[in-house]
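The structure appears right after this line, and notes come after that.
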Amino acid sequence: MTKTPTLSQADRLTLEAAIGHAFVEKERLDWALTHASARTHKAGNYERLEFLGDRVLGLCIAELLFRTFGTATEGELSVRLNQLVSAETCAAVADEMQLHLFIRTGADVKKLTGKRMLNVRADVVESLIAALYLDGGLEVARKFILRYWEGRAVRPDGARRDAKTELQEWAHAKFGVTPVYRVDDRSGPDHDPRFTVTVEVAGAAPETGIERSKRAAEQVAATRILEREGIWQPQSAQK
């Protein structure tokens, strides 16, 4: 990550090309890229921008999904919305833009790995959206969001994540409940067991999965509900 207090002219032009907007107030871009740990930077850090950007992103994605999936239920739209505004998706956008080359952080943050570093990348994307909103208005922010999210929104697999996570979000949105997993049977020898797990969602029919581990069986059961309810397209139909 860069250690310079502000972007060089070359870096600014490169990043603005990736964003699709030339900032009127150049310091807004610097602000959006500055983590709180980079305390020497006078423009402030991106924490307040992140708060605003999260709301702008949610609005634009909700509108995109509403217009794109005309027959989807509120619960189905909520699941897709949660996928598309997740830290994982925002971090993927950051990686696509190579934002790690421009983010300013303190020495401690530079050492972060895994989920914590993923969150930093995701936060910067949200702060960048806020900076665009402040610099050019909602249409400028929406143009950027569509540039990087529209393709993700219409992927056949709905930008699949963990099946249990997806099912929980759908169950909360549609029924206001949490899925319940039950181990019905464990069979086979210790070196090659088989777990039979049923998942129940109040308001929907249960499904069962059989796998070599309890977690894998839970995933299979969750996937079957998601595919049955049309939240996920069956894998066989995607080929």
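Backbone N, Cα and C atoms are what each Cβ position is placed from, and that goes for glycine too.
Note that the structure is a prediction, hence the values are computed from the model and not measured.
In three-state terms derived from DSSP, ASP54 (active site) belongs to a helical segment. The active site annotation in Swiss-Prot covers ASP54 (among others) and is backed by sequence analysis.
Counting only same-chain residues at least 6 apart in sequence, those with a Cβ under 8 Å from the Cβ of GLU126 (active site) are LEU49, GLU50, GLY53, ASP54, LEU57, CYS90. As annotated by Swiss-Prot, active site applies to GLU126 (among others).
In the three-state DSSP scheme, GLU126 (active site) is classed as helix. Residues annotated as Mg(2+) binding site in Swiss-Prot: GLU50, ASP123, GLU126.
Per Swiss-Prot, the feature domain 'RNase III' maps to 12-137; the stated evidence is sequence analysis. Per-residue confidence over the domain 'RNase III' (12-137) averages 84 (mean pLDDT, predicted model).
Look at the domain 'DRBM' (162-231): DSSP puts its residues at 28 helix, 24 strand, 18 coil. Look at Swiss-Prot and you will find 162-231 tagged as domain 'DRBM'.
Fewest other C-beta atoms within 10 angstroms, among the recorded positions ASP54, ASP123, are seen around ASP54. Report note: the Mg(2+) site is defined by GLU50, ASP123, GLU126, and the residues of the same chain whose CB lies within 8 Å of the CB centroid of those residues, excluding them, are TYR46, GLU47, LEU49, PHE51, GLY53, ASP54, CYS90, ALA122, VAL124, VAL125, SER127, ALA130. According to DSSP, the secondary structure content of the domain 'RNase III' (12-137) in residues is 89 helix, 2 strand, 35 coil. The 10 Å shell around the Cβ of GLU50 (Mg(2+) binding site) contains 19 further Cβ atoms across the protein chains shown.
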